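Right, one structure below, let's go through it.
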Amino acid sequence: MQRHLISAADLTRDDAVLILDTAEEMARVADRPIKKLPTLRGRTVVNLFFEDSTRTRISFEAAEKRLSADVINFTAKGSSVSKGESLKDTAQTLEAMGVDAVVIRHGASGAPYRLATSGWIDAHVINAGDGTHQHPTQALLDAFTMRRRLVGRDAGIGQDLSGRRITIVGDVLHSRVARSNVDLLHTLGAEVTLVAPPTLLPVGIGTWPCEVSYDLDSTLTKSDAVMMLRVQRERMNAAFFPTEREYSRRYGLDGERMARMPEHAIVMHPGPMVRGMEITAEVADSDRCTVIEQVTNGVSIRMAVLYLLLGGNEPAVSGARPPVSPHPSSERSAHTPSAAEEK
Ligand code: CP
């Protein structure tokens, strides 16, 4: 593992599988009556959010607290950013208070990279979404959800997503989720197809490690997972499709379309969903839709990332081996935390 998590493209196959396997251990902890581990006791993590968030911000906070870290929450709204304070000065101000890791969401692509490489601060940096660039923990929680559903919770340990066919549909142009997922899923051996109107595909899409299609109906029938993307109106400064109705007709997922997917195939969405636009309520509320499961899995993934970046070589869960092996054995089992751990 590198010192920071900036991009899904920086993860090797072994890094990614290690994070997924560690997240399985963390998920077992979450199933217990007492969900806390002492792993990051005495460490301080700041959540630095310059853009709105529900899922990512709250699940990072939950993950940090479950690992017993001290948590500082910073949102740009209501801070001295409104008085013109820069990212550098904001970050250095927070580090002066003794911060070990910074989780950052920023509207500018590249802001987490700048923070990690500028020498402004010494803390670990975790990208919680930057502009249209990357959202690596989203891609990891999506891969975790796919591995659990398509390979199996126990059978998946040590495994990647080789040969699984994943379709990502919608506003790829503005989507850091799509970019991160293509990078990570390719690393994990999956076959990815992007389906979008030509106006919502970025320049240079031909260099991405995936297929591109404009025909959702023909792609659905060959998919193990279909990930619907939100149309990001807030990032649009032009008309990218004629009408919402036309968009939904060509690229929306309704019950009729979902019925044409293979029986085992799942529907995913990173959230927030725009019901009636990219996904109907019938699909969003169906058993095949994993949107709530993805949120739950997000806490386990973020615990795993924080632990692997900050926790050193101590086992995340006492009784389990430290994560020195890229392929932890499936025999690695959960244990009952000691009294000391549960304090
Ligand atoms: N998926 C996601 O990043 O959601 P939030 O914007 O609510 O964090």
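Quick reminder: no glycine exception, Cβ is built from N, Cα and C everywhere.
Source: prediction; values computed, not measured.
Features as listed in TrEMBL:
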type	residues	note
BINDING	Arg55, Thr56, Arg105, His135, Gln138, Gly271, Pro272	carbamoyl phosphate binding site
BINDING	Lys83, Arg176, Arg230	L-aspartate binding site
COMPBIAS	329-343	compositional bias 'Basic and acidic residues'
REGION	317-343	region 'Disordered'
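Projection of TrEMBL feature records onto the structure.
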residue	record	DSSP class
Arg55	carbamoyl phosphate binding site	helix
Lys83	L-aspartate binding site	helix
Arg105	carbamoyl phosphate binding site	strand
His135	carbamoyl phosphate binding site	coil
Arg176	L-aspartate binding site	helix
Arg230	L-aspartate binding site	coil
Gly271	carbamoyl phosphate binding site	coil
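Among the residues Lys83, Arg176, Arg230 said to bind L-aspartate, no two Cα atoms are farther apart than 32 Å.
Fewest Cβ neighbours within 10 Å among the binding-site residues Arg55, Lys83, Arg176: this applies to Lys83. Residue density at Gly271 (carbamoyl phosphate binding site): 17 other Cβ atoms are found within 10 A of its Cβ, drawing on all protein chains shown. Checking the binding-site residues Arg55, Thr56, Lys83, Arg176, Gly271 for a CB within less than 6 Å of any atom of ligand 1 leaves Arg55, Thr56, Gly271, listed in sequence order. Just so you know, of the binding-site residues Arg105, His135, Arg230, the Cβ with the fewest other Cβ atoms around it within 10 Å is the one at Arg230. When the binding-site residues Lys83, Arg176, Arg230 are compared by Cα distance to Thr56 (carbamoyl phosphate binding site), the shortest distance belongs to Arg176.
A C-beta separation below 8 Å, combined with a sequence spacing of at least six in one chain, links Gln138 (carbamoyl phosphate binding site) to Thr56, Gly129, Arg176, Val177, Ser180, Asn181, Pro270, Gly298. Here the Cα atom of Arg55 (carbamoyl phosphate binding site) is found 28 Å from that of Lys83 (L-aspartate binding site).
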